[in-house]
Amino acid sequence: MKSALPSIFTLVIIAEFIIGNLSNGFIVLINCIDWVSKRELSSVDKLLIILAISRIGLIWEILVSWFLALHYLAIFVSGTGLRIMIFSWIVSNHFNLWLATILSIFYLLKIASFSSPAFLYLKWRVNKVILLILLGTLVFLFLNLIQINMHIKDWLDRYERNTTWNFSMSDFETFSVSVKFTMTMFSLTPFTVAFISFLLLIFSLQKHLQKMQLNYKGHRDPKTKVHTNALKIVISFLLFYASFFLCVLXSWISELYQNTVIYMLCETIGVFYPSSHSFLLILGNAKLRQAFLLVAAKVWAKR
């Protein structure tokens, strides 16, 4: 049974790979069709396109890394191969996390209501704010790449002195853990920002509901519904990313103790985040949801 586990986990990852490519590809396709037909596209739709493309890249990177780790482990001690695999993961994961966080900030600035002059200033210039944040995240990306490159250089310097390349797997796993730790520390910033956006959206919704009660209005007014939908999208991102973060932590421990089964399980669960969260974005967006239901109805009718 234990020998069959790698094959089972591989099948699950392939299924997640297919779901992720279909859901993210659907987001890109529908928005691009709308862009061509209307000659314009809203800021949130542009964010969704870039986020979906980054997730497609991340899913492909995870799948390639998975198969290389199972069948061509020697590539990870090659200087060029090691840098390509790790840097591609860093870049795709960086844009995946930060674009989802920027989407949370966009919902906050567009939907929430606060009387603070600073908030109103940002709200009136939301498109410029989003662009500046996106450009500012490149600083984190470059710092992350520099730090990881130092880890890689130290690793290669140690083992280039060993002409036989008979390295210890425990040493390589220690190197892998240090790399994952660095990447995760850089990932905490977007998660924290998204969590703050979530709390501010809740506070704004609470104030809005209190105002509606004072005016003797129901809770199903349009603004309440918009608040609720935005909260669902942000909290789904937080929950999915929290599970992804826990899987990374567990994979660290499993690598240190050389527990292959736990490591593969954590990696498989971790892929669920970029693969499935985009499907929730489709359901939370009126245009994408309508297009999805239309396609699903046509597919069902042909059965």
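Each residue, glycine too, has its Cβ placed from N, Cα and C.
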Go through the topological domain entries in Swiss-Prot and note whether Pro6 and Val261 share a side of the membrane.
yes
Which residue among Asn21, Asn166 does Swiss-Prot mark as N-linked glycosylation site?
Asn166
Taking contact to mean three or more C-beta pairs under 8 angstroms, with sequence separation of 6 or more, is the transmembrane segment (262-282) in contact with the transmembrane segment (185-205)?
no
Within the predicted model, mean pLDDT of the topological domain 'Extracellular' (254-261):
65
Beyond the flanks of the topological domain 'Cytoplasmic' (29-55) by at least 6 residues, Cβ under 8 Å:
20, 92, 95-96, 99-100, 102-103, 106, 110, 126-127, 130, 274, 278, 281, 285, 287-288, 291
Give the residue counts of the topological domain 'Cytoplasmic' (107-128) per reduced DSSP state, in the order helix, strand, coil.
16 helix, 0 strand, 6 coil
